[in-house]
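Asker: The following block contains the structure, expressed as structure tokens.
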Amino acid sequence: MKKIIENSYDYLFIGMLLLLPFSLAFPSIVLGLLVFSFILDIKKVKLDRIKTVPFYILYSLFLFIFIKALINNSLIIDQKLLSRYLFVLVIPILFLKIKDIEKIKTALIVSIQLMIAVSIFKITKHYIIFNNFPLGDGLLVNELLVLERPYAGFMSLMGLILSLEKIRDNDKNKGLFIFFSIMSIFFIVLIAARNSFITLLFLFFLYIFFYLKISKRYKFTFIGFWILIIVTIISLNKNILERFHINKDIEGTLSKIAIFEPRYVIWPCAYDLTKKEEFNYIVGYKSETEISAGLINCYSQKISNESRRGWFLERRFNTHNQFLAFFLSSGIIGFLALVSFYFFSLYLYRYNFFAVAILISFLFFFLFENVLSRQFGCYIFAIFTSLFLLKNKINEKE
């Protein structure tokens with residue numbers, strides 16, 4: 001009982017992580033309890049671990065965003081988004097009180113595997129009832145998955161990276177983590193999560209070229225073998241072909257992308273916003289609401305197809321690129337701050353493949369999604385960066 005009380009903070013954190021993919025309400029309540037517990041013991045917590053260049057940059061970026069919102073009187077109208085940024089600021093600090101970081105990693109892996117298991121169960125149930133595999137239908141697949149497809153795929157990738165680290169460290173449950181790794185890869189391929197699939201391939205070749213210590217001859221043989229397997233998987237997986245809009249020829253592929261890929265419209269509209277008088281290259285637009293209104297206005301003007309235009313206006317698509325989002329909202333200051341965060345993080349932790357893998361995974365994710373526009377996105381960014389970017393013996397050694 002005494003041990004449970006002594007480790008209650010860690011158990012609360014674990015409880016939050018286990019339920020995070022399934023609900024945001026409970027994790028938010030637990031987060032409040034963690035903040036309260038942290039404040040009570042703040043004198044015992046060593047703050048030195050967070051004093052790193054990447055975190056200095058990250059906190060400076062969000063401080064700038066909040067000060068700018070205060071000056072422009074946009075704190076109220078943008079409160080929904082700004083309040084989400086608080087998770088990015090608070091969670092890394094809460095990590096400082098955790099006693100056993102390995103248990104936190106294990107909890108994340110278990111949470112992700114539960115998400116995968118529930119999703120596969122729902123997909124299987126749908127197949128048995130309707131006798132079809134609807135993973136080409138974006139709206140339907142999001143109903144079947146616990147998380148929306150991009151986030152389900154991304155979390156599976158995170159689970160894979162954490163499981164591989166456990167395998168590398170010869171964890172006593174190594175066999176179980178091998179199984180979890182296989183399930184994560186299988187799930188990414190099954191749901192045809194494009195971004196996660198591409199990121200996985202990139203990390204695979206990155207590891208072989210820069211981290212795997214074998215001769216060049218074996219490296220190229222190994223790469224050739226796996227390229228053959230990957231091409232076979234892609235060619236045999238109809239869902240992947242559909243998700244990448246792959247056709248028989250290049251013209252057909254480009255034509256399908258123009259029709260089915262929202263970013264084909266979104267990114268040019270976002271670029272158009274940078275040419276308007278209201279945009280300040282140094283500090284960006286005055287509010288997120290102004291950016292959203294500008295994008296919606298662009299969609300209504302540029303999309304001729306009535307049905308497609310209605311879909312865009314109903315969904316109110318954001319920029320689908322975190323770097324572009326910060327450039328519009330915070331100008332060159334916000335954009336360079338985010339780029340600097342990545343540059344220093346990758347440089348400082350370049351010898352730790354798993355830290356690099358987490359960072360690159362978020363980098364790829366940021367290129368195609370506004371991750372920090374969602375509460376869940378802020379949660380996972382804060383959690384996974386804290387796992388590997390806070391000062392600890394492992395990172396210092398590697």
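The backbone N, Cα and C atoms fix where each Cβ goes, and this holds for glycine too.
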Asker: Which one of these stretches, 255-271, 374-390, shows up in TrEMBL as transmembrane segment?
Answerer: 374-390
Asker: I'm a bit unsure how to read this: which one of 12-40, 52-71, 150-167, 197-213, 374-390 has the highest number of Cβ pairs shorter than 8 Å with the transmembrane segment (323-344)?
Answerer: 52-71
Asker: Near the transmembrane segment (12-40), which residues from the same chain, at least 6 beyond its ends, have a CB less than 8 A from one of its CBs?
Answerer: 87, 90-91, 93-94, 96-98, 103-104, 107-108, 110-112, 114-115, 118, 146-147, 155, 375-376, 379-380, 383
Asker: Please indicate, using numbers and ranges, the residues of the same chain that are 6 or more beyond the transmembrane segment (374-390) and have a C-beta under 8 Å from a C-beta there.
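Answerer: Contacts with the transmembrane segment (374-390): 17, 20, 24, 27, 49-50, 52, 54-55, 84-85, 87-92, 95-96, 101, 104-105, 108, 147, 151, 154-155, 158, 345, 349, 352, 354-355, 358-359, 362.
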Asker: Which residues, given as numbers and ranges, are at least 6 beyond the ends of the transmembrane segment (150-167) yet have a Cβ under 8 Å from it?
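Answerer: Hits for the transmembrane segment (150-167): 21, 105-106, 108-109, 112-113, 115-116, 119, 173-174, 177-178, 180-181, 184-185, 187-188, 191, 193-197, 199-200, 203, 354, 357-358, 361, 365, 368-369, 376-377, 380, 384.
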